[in-house]
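Down below is the structure, laid out as structure tokens.
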Amino acid sequence: EEAIFLRKKITLLRAFSLLIGSMVGSGIFISPKGVLQNSGSVGFSLVVWFSCGLLSMFGALSYAELGTRITKSGGHYIYILETLGPLPSFLFLWAEFFAIRPANSAVVSLAFGRYMLEPFFAPCAAPVPAVKLVSLLAYYTVLTLNSWSVTWSARVQTALSVVKLLALALIIVPGMMLLAQGHTENFQDAFDRHSLVLDKLPLAFYAGMFAYSGWFQTSFVREELVRPERNIPLAVIVSVITVIVGYMLTNVSYYTVLGTQDVLASPAVAVSFVQRAFKSLISVLPVLVALSCFGTMNGGIFTFSRTLFVASREGQWPPLFSMIHIRRHTPLPAVMLMFPLVTAMVCIGDIYHLLNFFSFSRWLFIGLATLGLIVHRHRHPELHSPFKVPLFVPVSFTIICLFTVAMSFYSDPVNISFGCIMVLSGFPVYYLIIHRQMSDRCRNVFCFLWTKLSSLFSTLSDYLTHKLQLLLEVVQQEIKTY
């Protein structure tokens, strides 16, 4: 008999945990290799890491203002829709569903599988099929959790945020201790200009920005935030500063222990670091890193399902995906929609090719969203915003984003071209289906099929939840007996 809607359950602590949990994920443990590879030297890679942090702060502040001006959930999608119009917002939705989000989820899932299995196969590399199987199992677990309960998803995210900070601390502390003892040999000739290749710098920025990506996550759940006008800017500023400091210290620790060639040769930099510096933690840190990736998967599914939910509500996605589970109050159809594409990308993908593939589209549309903030300010000068940043912040961020996107065509033309084609393929879909509107018969058939599929997913979710509870009871009983 109650109205069914998404409740305001995300407090300031949960917003902070969502941001930390989304930013500190697989990126800091796999991106150092990509940043170093494309920047050429230790010194330039540290400059790239700091620049990416500063750029992320500019973007986060711009999104914080957008979040106080536009009161709907949906993140990039709703900001582009409200400021630049329906066509660019649909193109973002198209690219996000078919390229950006599944590729991003696949990267994080593969990082989880690699780190989780690394201690069991060291010093050999873990078999690729085993890594992909464990990656998929983790992704399906997170999918079930987000279908089950918003509250439990938020609690898991909060707990895993503590684990992430602990994992960073276990890298930073021994590295700083060795640095204090005078181990600075890896920083000799740190700014070697002969190894710098300018046309590769955009790829270095992509790898660095991937590690910081997540500063925009509160914008996806704006309607579920408690006191958003206060909590969005506060959570964004504190979390981004925390991550910048943590990432810089972590990279300095990496380079204190590992040489340039060691970082480039390592499939899992954090594991190589522990093998060299802190062997007593050889079986602990990879598990903490894997749990960190698990938290990033959880945050990604939690927020992207809200994008599909809002797009469906705005009429640019099938109506089924604006539906909410009547008992669990979760956007179940939107949560479950992604799993076929993520499964395919995990099975056929490679981490670094996937990273370049989705980064082009992601930063193109983030740049368009902050461009939308400039346009919105010009169109609505009378609109009072409780949080406002200087104009040079969104202007600088937009220019750098779009310039990096343009330069990346020279750096990795194959993957970037695929990303560009994916975006452009949304044009005919928009004009044939969205702009003209789907016929009533087609819409009814589509909704019927997806309703049946949603019912199947709901039954499967309930079955898995029941089996999981039984398994936990058996494990608890075995522990008591032991």
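Heads up, the Cβ atoms here are built off N, Cα and C, so glycines get one too.
According to TrEMBL, the transmembrane segment annotation covers 12-30 (among others). Same-chain residues lying 6 or more positions outside the transmembrane segment (12-30) and placing a CB less than 8 Å from one of its CB atoms are 107-108, 111-112, 115, 154, 157-158, 160-161, 164-165, 167-168, 210-215, 217-218, 221, 225-227, 230-232, 234-236, 238-240, 242-243, 246-247, 250, 268-270, 289, 292-293, 295-300, 302-303, 351.
Feature annotation from TrEMBL assigns transmembrane segment to 42-64 (among others).
The transmembrane segment feature in TrEMBL is assigned to 76-100 (among others).
The transmembrane segment annotation in TrEMBL covers 120-142 (among others).
Remote same-chain partners of the transmembrane segment (162-183), defined as residues 6 or more beyond its termini with a Cβ less than 8 Å from a stretch Cβ, comprise 20-21, 24-25, 28, 246, 249-250, 252-254, 256-257, 270, 273, 277-278, 281, 284-285, 288-289, 291-292, 295. Residues or ranges marked as transmembrane segment in TrEMBL: 162-183 (among others).
Counting residues 6+ beyond its ends, the transmembrane segment (203-221) has Cβ neighbours under 8 Å at 10, 15, 18-19, 21-23, 25, 27-28, 31, 34-35, 37-39, 45, 48-49, 51-53, 55-57, 59-60, 63, 66-67, 73-76, 79, 104, 107, 228, 231-232, 235-236, 239-240, 243, 247, 296, 299, 302-304, 306-307, 355-356, 359, 362-363, 366, 404, 408, 411-412 in the same chain. Annotation comment: TrEMBL describes 203-221 (among others) as transmembrane segment.
Residues of the same chain lying 6 or more positions beyond the ends of the transmembrane segment (233-257) and with a Cβ under 8 Å from any Cβ of it are 12, 15-16, 18-20, 23-24, 28, 32, 42, 45-46, 49-50, 53-54, 56-57, 60-61, 63-64, 68, 165, 168, 171-172, 174-176, 178-179, 183-184, 186-187, 211-212, 215, 218, 263, 269, 273, 276-277, 387. Feature annotation from TrEMBL assigns transmembrane segment to 233-257 (among others).
Here TrEMBL flags 277-297 (among others) as transmembrane segment.
Sequence annotations record features per position, and here TrEMBL assigns transmembrane segment to 332-354 (among others).
Same-chain residues lying 6 or more positions outside the transmembrane segment (360-377) and placing a CB less than 8 Å from one of its CB atoms are 59, 62-63, 65-66, 69-70, 76, 79-80, 82-84, 88, 91-92, 95-96, 99-100, 104, 206, 209, 213, 216, 383, 391, 394-395, 397-398, 401-402, 404-405, 408, 415-416, 419-420, 422-423. Feature annotation from TrEMBL assigns transmembrane segment to 360-377 (among others).
Feature annotation from TrEMBL assigns transmembrane segment to 389-410 (among others).
Outside the transmembrane segment (416-434), and at least 6 residues removed from its termini, the chain residues within Cβ reach (under 8 Å) are 86-87, 90-91, 93-95, 98-99, 315-316, 356-361, 364, 408-409. Residues or ranges marked as transmembrane segment in TrEMBL: 416-434 (among others).
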Same-chain residues near the transmembrane segment (42-64), Cβ under 8 Å, at least 6 residues beyond its ends: 32, 35-36, 79, 186-187, 190-192, 196, 201, 204-205, 208-209, 211-213, 215-216, 219, 232-233, 236-237, 240-241, 243-244, 247-248, 251-252, 255, 260, 366, 369-370, 373, 387, 389, 393-394, 396-397, 400-401
Long-range neighbours of the transmembrane segment (76-100), counting only residues six or more past its ends (CB under 8 A): 63, 66, 70, 216, 219, 304, 307-308, 310-311, 314, 316-317, 337-338, 341, 357-358, 361-362, 365-366, 368-369, 371-373, 375-376, 419, 422-423, 425-427, 429-430, 434
